[in-house]
Amino acid sequence: MSQRLTSEPEDIDHHHALIIEKSLRLTGGDDRNILVANLLQSPVIMSFSPLFLSCSVALSICLSDTGDGNPRESSPFINNADDDKGTLYDGKNMALFEEEMDSNPMVSSLLNKLANYTNLTQGVREHEEADEDEGAKKQTVKSPQMGTFIGVYLPCLQNILGVILFLRMTWIVGTAGILESFIIVSMCCSCTMLTAISMSAIATNGVVPAGGSYYMISRSLGPEFGGAVGLCFYLGTTFAGAMYILGTIEILLTYIVPSAAIFKAEEKAQEADALLNNMRVYGTCCLTLMALVVFVGVKYVNKLALVFLACVVLSILAIYAGVIKTIFEPPIFPVCLLGNRTLQNHGFDKCMKTEIIDNVTVTTKLWSLFCKGPELNASCNEYFTLNNVTEIQGIPGLTSGVISENMWGSYGPAGMLVEKAMPSVPASDASQDKHMPYVVNDITAFFTLLVGIYFPSVTGIMAGSNRSGDLRDAQRSIPIGTILAIATTTIIYLSCVVMFGACIEGVLLRDKFGDSVKGNLVIGTLSWPSPWVIVIGSFFSCCGAGLQSLTGAPRLLQAIARDGIVPFLEVFGHGKANGEPTWALLLTAVICESGILIASLDAVAPILSMFFLMCYLFVNLACALQTLLRTPNWRPRFKYYHWTLSFLGMSLCLALMFISSWYYALVAMLIAGCIYKYIEYRGAEKEWGDGIRGLSLNAARYALIRLEEAPPHTKNWRPQLLVLLNLDSELSVKHPRLLSFTTQLKAGKGLTIVGSVLEGTFLSRESDAKRAEQSIKSAMASEKTKGFCHVVVSSNLRDGFSHLIQSAGLGGMKHNSVLMAWPTNWKQSSDPQSWKNFIETIRETTAAHQALLVAKNVDSFPHQERLAEGTIDVWWIVHDGGLLMLLPFLLQQHKVWRKCKMRIFTVAQLDDNSIQMKKDLQMFLYHLRLNAEVEVVEMHDSDISAFTYEKTLVMEQRSQMLKQMQLSRTEREREAQLIHDRNTASHAALNDKADVSPERVHMTWTKDKFCTERNRNRDHSANMAVRDLFSMKPNQSNVRCMHTAIKLNEVVANKSQGAHLVLLNMPGPPKNRGGDENYMEFLEVLMEGLNRVLLVRGGGREVITIYS
């Protein structure tokens, strides 16, 4: 074999390569990787370079083969869900980035994903949260194909042109006159055009999934504004449905089948009430029918949309054709006038008082309407007797010159007669006029009312953006289609104003229901070839618009409900299996019914005007904000916008709201405000990168820069707290009541930063830091503490707390006070570093000129329960800036401490005048505007007791002993307990004895006793260095400090044993770090026997002032 290997190396190499290749093909997954690694390291392969090359070829083929015979695409980025995450990358070009490929994909992969992105269909929730919660499987969506004309232009045209044009436009022109009507139309159309420009900018700023205006506003202004305006838009759409249904019924009962009326008026005065009752009955029936159609299937509504659109277009064309025809041959629609008053042409056929039939003068039907009988000598209405009857043409034509008469308005109260500007003889008694068949104003007409009634005829501009999910290129189609539709309708409306004023007689224009032309629709009298074209066209147009409102409004409500920003609406997010919003449709029908019960088109129109104007106002606000803030994400493809245009549109919307109806405007704003506050309070947990957040950031930046300019004045000082929390091994907050106390102290409304420190390195404990932050935030939420959370990972706790004290906060919003809990079990702690860290924190707050608050027994502090009447006792030993007096005042602002009274104690020395001190302190508190009881406690220089010496000696002996002997944790606890028990017993024994002078001190802590205790509790093999303890004498400085602590504690315990809270000046730590443990002992003695104590150390500046 060796000979063969030597003689035929090439054959052998080729043979081995084939074997390796086949082996690799038969091996799969991880086994293949292991085999490859072994092969590459095998000595046989390494010894033959040609064979090694052959193996490399085989390797590359096998690794690129998927197993089904198809080689894998060679790509430096492998994005396959079935691959293991440990898969190696084929290419070496991107080796530097391969560890980050999971989180930061290759650009080619990203572009590939974007190219395969398909827009969501209309009605599906937005892309960023699609079906994550419910886990529904995404279905393949056909690529949307609608263009600008079909998808945006025609729907907008259909929604804008509608009921107001057919039923009220002529009356508005007749009442307001051509000039003022022109102003009304121009204002309203300008408002919608400016809104469309703003909407186009927002709609082209990124992909707009279905949801239309609600989606745009909520994502631009945040969930609070989005929810408020979304619900306003929903209410507007719902009331629009009611208006269209009322329009449908008005056309049906007034112009198509008047005989179908259920309620009929016996007298003229009852006609208005009868009409309203008929509207209510038929409107309710129509609403029920339409709701059933929508419930059964929206597809039928969508199929009929084209028919309804055709009706609108045909009706418009009929009007223009009729106007042109009046030039050559005006239609014959005579209007009968009595004097200058217009008559209702229902009860008579001839416009004359008498007529001659067979040479005999007989009275007409008109005579019998004004006289008590058909006889010529019958008593008649005075005005009828004094004035003649004349007949004029209702449609004199475009060239008749009637435009000059209709140029100015003719407003008037309800019941005012519709009169022509011509001479007449007035009657002395006008009391009977209301019973005569005159055409009268049914409502009081004035300019602002007409604005409110007309505005709904320009709404509907959102129809295109609502279909954004079905458009081929939404970013191009929405601006072009919407602006073209508004331009078209503006031209139609303005031309209609001029044409109606130029073709139709003024008295007929002001005849709202066409009573003077035998009940014909006034706009129908102008149309060609027949008035029925307009009547039928407007009827179907109103039907279609009503159905579309009932289709769109529930979906809008469903979208808001599914966003989860208004908790009580969540039930309306559910529907049928196919996603139809059943519950939302039911609510829509109920609200729509309330509009129908109003029964008057003129009363409903201003209501929905308010809601639409509110919506448009916020669209403009969103665009203006985004433009002014210059957020990096604000890059609209539509470039023809400017913040001044948006601001002008917003101002125009606001002006139109108050012009239309100031009280409706206030109600709409109140509703929006209540929804806003509710969402802010209950449901706004969404982050949509909205403009209001950007505004907040800008405002915060500006305020912080202003705060940085100068330190706060004493009058503006308030505790800006840094709360230092300790966490247990489970990363839970050890003392949550510290957060409760923070909340109660925050009547000052200052800053709160809650900080904690984890030991270790940030890289190794990043996840722990996040968990700790979440734990602290949940504790803050449960304790109702509002503020910021900051968790630091540091190599040791002392450095971590030092970093927090130095760097927490930003600019002028930095903390000026530190709040922490007293280390309760510091004596029993196995690690002296815990209380050393505490003392170092005190030193660092002092160095940083920050106030320090230390709460003892913090777990016994009140939570949310209100305290009964009691006291907050302040022991003012030294002046440290007045913080001691400010804190109780702040606590009293909170409901928990509100019933507590403040008492201030101060200590008088031997040479002080305690009476004068009390008067001065009372005067000082009076100037500070603080209500508190004042008491001066006299502490005379008494001899230092034996107990003080003994306690000082025990303290020093214990400290020295623990330094010399490395006791275990259990031994230290036992030692500490022994000392505590002995001190308590000796304190009780000495209470009744007189003080002993320093020269006659009797030491109860003797060598014999110490040995007895030691022999009982400890092993005899202890370190012999303990003998040095017996020769110790107490340090005189420590004796004095202990004396102060004991005497002060006796006084405080005597006076404030029953207080709800005791505030004490906190003495500073010793400059020599060797006495740190003694310092802790002094503080412990100072607070002994007291329940709730707050040690306060000032920050070195005045925090309270007597000046205003």
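Backbone N, Cα and C define each Cβ position, glycine as well.
Unlike curated records, TrEMBL annotations are generated automatically.
Per TrEMBL, the range carrying the annotation transmembrane segment out of 281-298, 875-892 is 281-298. Shown for the domain 'SLC12A transporter C-terminal' (736-854): DSSP residue counts in helix, strand and coil, namely 55 helix, 26 strand, 38 coil. Here the transmembrane segment (305-328) does not lie next to the transmembrane segment (583-601) in space: the count of CB pairs under 8 Å, restricted to residues six or more apart, is fewer than 3. Below 8 angstroms of C-beta separation, residues 172-173, 213, 216, 220, 447, 450-451, 454-455, 457-459, 461-462, 465, 468, 474-475, 478-479, 482-483, 486-487, 489-490, 493-494, 497-498, 501, 613, 616, 619-620, 622-624, 626-627, 636-638, 640-641, 645-646, 648-649, 652-653, 656 of the same chain, each at least six residues beyond the ends of the transmembrane segment (181-204), sit close to that stretch. In summary, the transmembrane segment (225-246) lies against the transmembrane segment (583-601): three or more C-beta pairs, each 6 or more positions apart in sequence, are under 8 Å. Taken as a whole, the domain 'SLC12A transporter C-terminal' (863-1108) shows an average pLDDT of 70 in this prediction. Sequence-distant contacts of the transmembrane segment (281-298) (same chain, six or more residues past either end, CB-CB distance under 8 Å): 241-242, 245-246, 248-249, 252-253, 260, 262-263, 543, 546-547, 550-551, 554, 580, 582, 585, 588-589, 592-593, 596, 599.
With a threshold of 8 Å between CB atoms, the same-chain residues lying at least 6 positions outside the transmembrane segment (483-509) that come near it are 152-153, 156-157, 160-161, 165, 169-171, 173-175, 177-178, 181-182, 185-186, 189, 192-193, 196-197, 200, 316, 319-320, 323, 326, 330, 333, 335, 337, 342, 392-398, 400, 402-403, 405-407, 410, 418-421, 439, 457-458, 461, 464, 516-517, 522-523, 525-526. Of the ranges 147-169, 529-547, 583-601, 607-628, the one with the most Cβ pairs under 8 Å to the transmembrane segment (443-463) is 147-169.
With a cut-off of 8 Å between Cβ atoms, the residues of this chain six or more beyond the transmembrane segment (583-601) that come close are 163, 167-168, 235, 238-239, 241-243, 245-247, 250, 276-277, 279-280, 283-284, 287-288, 291, 294-295, 453, 550, 553-555, 557-558, 561, 571-575, 607.
Counting residues 6+ beyond its ends, the transmembrane segment (147-169) has Cβ neighbours under 8 Å at 243-244, 247, 250-251, 305, 308-309, 312-313, 315-316, 453-454, 456-461, 463-464, 467, 470-472, 476-478, 480-482, 484-486, 488-489, 492-493, 496-497, 500, 512, 521, 523, 534, 537-538, 541-542, 544-545, 548, 601-602, 605 in the same chain.
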